[in-house]
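Each remark here refers to the structure printed beneath this line.
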Amino acid sequence: SHMGSLVKEETSPSLMTEFLEKCGGYAVVDGGFATELQRHGADINDPLWSAKCLITSPHLVTKVHLDYLESGANIIITASYQATIQGFVAKGLSVGEAESLLRRSVEITCEAREIFYNRCTKGSWDFDHAGKASRRPVLVAASVGSYGAYLADGSEYSGIYEDSVSMETLKDFHRRRVQILTKSGADLIAFETIPNKLEAEAYADLLEEEGIDIAAWFSFTSKDGVTVPRGESIIECAKVADSCKNVVAIGINCTAPRYIHDMIISLRKVTRKPIVVYPNSGEVYDGLNKKWIKSEGESEEDFVSYVSRWRDEGASLFGGCCRTTPNTIRAIAKVLSGESPAPSKLTFRL
């Protein structure tokens, strides 16, 4: 009924608004995943990238989620960025197995949240103003990477495939995965590292066509702070996201920290929805030698000093993408809670 859709339209943006209120106005998103898995000994040199761990070492996936929760994250993102039915099938799995791995990526994240809550003994619970003990709010976001992430040839960073695929191809590519993730127990879907306007339009269309009412965020990537890799302005892309009723936050990820400030200002021009930013560490990837190199004058400490400026510009959700660590996230959480980022306090693990 028409009333039904009106009600939905009114209620869906409130998920994030209510959540942010519970968090005290600002929320912490988790950080880099693949590099953390590697640090714990996972081998992810594979087209499936971190999704490979869903098959080979799910316990490490749980471990990384828990590390981020212990560091103060309010939103944890599933290891499904590179997890596509097509990618799993290309690896020799059946469609059924591929679908259950997608569900599993969300289940693992939800389980990590439960483990974390169970570890929170009385002593470390937050007490709200009424003096009641309240769990720290934690949302599970199911990650959806772009078509280019599936191609695993770096084209998610260029969006260049737009020339060879149509809107329909993109919708068909994402359809089943989005349907499954929607019903998997996640609180929202994070459409990440979007490199062009076409894919954002495909997501928005898909959510509407399938009558999907789960909340979502659209997060774009940029190499210059002005446009997405395909060349469209971030403002044009944000308009697509803003007009999609499922979208409860709009953001920027997988982008150098130095561009974030101006991009928040651009997003603010076209949306009143909450803004999420989770940039890269500031290191630069050397594709030739396949390694990350420290960029001049940007370190994890600098990254954190940006956070209060980003907040002043109007962003309300902050985390990290490639090469950021639980330390980055812990430091962001401290800035947002008004503590100094200096590691002056001893942290007691319960």
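Every residue, even glycine, has its Cβ placed from backbone N, Cα and C.
TrEMBL lists 15-336 with the feature domain 'Hcy-binding'. Annotation comment: TrEMBL describes Cys254, Cys321, Cys322 as Zn(2+) binding site.
Ranked by Cβ neighbours within 10 A across all protein chains shown, the binding-site residues Cys254, Cys321, Cys322 are led by Cys321. Per-residue pLDDT, averaged across the domain 'Hcy-binding' (15-336), gives 89. Apart from Cys254, Cys321, Cys322, the Zn(2+) site neighbourhood in this chain, defined by C-beta within 8 angstroms of the site C-beta centre, holds Gly32, Thr193, Thr221, Asn253, Thr255, Tyr278, Pro279, Asn280, Gly320, Arg323, Thr324.
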